[in-house]
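Enquirer: Have a look at this one.
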Ligand code: GAL
């Protein structure tokens, strides 16, 4: 450590910095301040009136952002959002926030930055219109300086959000200012937003050359001489190298500079070691730091090859990905870091190494997590281009806005080391209906990527594989992306010689957690039978059997796509539809079903059985998972399925009697013990590797429900990070066995300074109780409670239900 501190690079930086700061001169304001602007807003849902100034009156309520008002709405069969929007209404909402500014900052430039407002936002400051933004997923900022009060009066920010015209999305979008908001105070000489771009122009084991492009804006009348000093900090935070550029007599306007910095023995970013460097850029004049910006970046080499697929830092890596929509289940679209972290962690534990942010730019905080946890991200911008999928979707804004939105997306995200692929569109209508646009749009979008990034590949997600599809055949994109069509994966090298290949979306199998229909395991249900004919079959209660034998006609069961993807080297990887259930798109059903069945985990984040299928194939962690549960009627005939790894065979015992011994067939990822006549009692499975016992698992017939067991996912959470607690409530019998069909209504309560129940969920796609409710029925024995806490101390979560012994769990807030 000491040795590193006295690293020559470091001492050079320090002396330069001291020298620059020692020169005294007139003060020209301070360095950048970025203020969390989420707290203390007013909100009202109102489409009848304008609220540009402070005439608030009745009906306004106080809240903190991020906020999604649709998630607070009742589910309604007649909602114009329809099944895609989870039957939750949009409407027009107004937000207002008052704030004072310090006189000392009056020479500074003040910006309001929104990371995402769905949709059609318009913003005013003190009655002056700042601008509008139709796109609901991309961040933007406005300068407010000219219209602000510095004399102690309140400034009033007013935001109109118009999500009234519905349907405008195929999946749940939420409504409101649902991502973070920041107030940015910048010096008249400062780095512009999202303009810093850091990339390695050379990278090998011994040496890296890092190139920084910077854009600096100067709005003072007089010319200034400034020094742009960049320090690189190693992943453990130590300064390791620096560079400076002097801009003499720097005049009003925008100025671009490039800097090049060498790093010896670079530490590479990978999915196992997602380590990041930091570039600290300072603008210094007259002995003062005028601006300072810290940007993380990662160093990694990668390649896509038509025959060998993807390599990262010289090693082959199958991209084992999942698609994720941006909603966070019961929290709706309101971004929350710890809810996103929970999703990503459970994906990582399952062996997932890739995320597709379908079908829109993700929250910046989500990509930060992908960087620090290590995922191969395919970042997608559009679900529609010019051709529409819904009457009010983005096609309305395409011509006027696509360039601006896409440029902003690329500029915002191009420093994330986890981002490897730009996906320019998903199943766009131009595949079929407009040849000229199908040719021109990929060229236009890919050229934006080339000019602003140039370090990553582009793709488009196609579900139409005919060679008449101009989008599929576009030479403008680097990787050909197939959605589904698994029967055509093997012949890809013949069908598209020399082209690189990724499965942008696969599978679309369907399951309700904990639901098992006693049809033979190997029978197949294709639901719906055809995509273009309404489905009126299925289970009466809108459930779907979780044996991995129900899927859509465009997809497959999980196992089939998984096996093909693993088999062919020319497939760089695939993104399974989807990691989690999401709000909207309750395929194959409609009302009363309101959320999807595609997830490997349910909407509440409880794993479905197929989670363990993937975990057994994608991780080296020993897995042994048995399905279904063991509560049936005497004489029922049950197929028992076992997912396992790290073992060559499993034995199955029913009430102590050996049923059989099985090895996996070479083309299967599971073993099946068919046709077991149910008797109450136990089912025990033991896995062996060359006759050495690896794992064993016993499932029991549950008795009557007796009590509620509460388990917190984490024993302690951080108050500083605004972390949420996720608590599982299980309905169990006297021996602690989960009662698999329990549907008891449970009431929850929380104690603790500032603690609050934000939402409850159970993963049931037809449950119409509002997510904010503190009571919920168990679904297959389980409920999730999401608790927020502001202050240090302890949270106690309590659960009660008529006829059951109550449960309680304690969580430390640190
Ligand atoms: C795909 C589409 C996804 C989702 C999925 C359901 O075609 O890209 O957004 O709708 O089907 O299977």
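Every residue, even glycine, has its Cβ placed from backbone N, Cα and C.
TrEMBL labels come from automatic prediction, so no person has curated them.
What TrEMBL records for this protein is below:
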DOMAIN    90-184  domain 'Glycosyl hydrolases family 2 sugar binding'
DOMAIN    197-300  domain 'Glycoside hydrolase family 2 immunoglobulin-like beta-sandwich'
DOMAIN    309-477  domain 'Glycoside hydrolase family 2 catalytic'
DOMAIN    635-694  domain 'DUF4982'
DOMAIN    708-809  domain 'Glycoside hydrolase family 2'
Enquirer: Per DSSP, what is the residue tally for the domain 'Glycoside hydrolase family 2 immunoglobulin-like beta-sandwich' (197-300) in helix, strand and coil?
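Expert: Breakdown, helix to coil: 0 helix, 72 strand, 32 coil.
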Enquirer: Determine which recorded stretch among 309-477, 635-694, 708-809 has the most C-beta pairs below 8 angstroms with the domain 'Glycoside hydrolase family 2 immunoglobulin-like beta-sandwich' (197-300).
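Expert: By the under-8 Å Cβ criterion, the domain 'Glycoside hydrolase family 2 immunoglobulin-like beta-sandwich' (197-300) pairs most with 309-477.
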Enquirer: At a threshold of under 8 Å on Cβ distances, which of 309-477, 635-694, 708-809 pairs most often with the domain 'Glycosyl hydrolases family 2 sugar binding' (90-184)?
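Expert: The stretch I would name here is 309-477.
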Enquirer: Tally of helix, strand and coil residues over the domain 'DUF4982' (635-694) according to DSSP?
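Expert: Split into helix, strand and coil, the domain 'DUF4982' (635-694) gives 0 helix, 38 strand, 22 coil.
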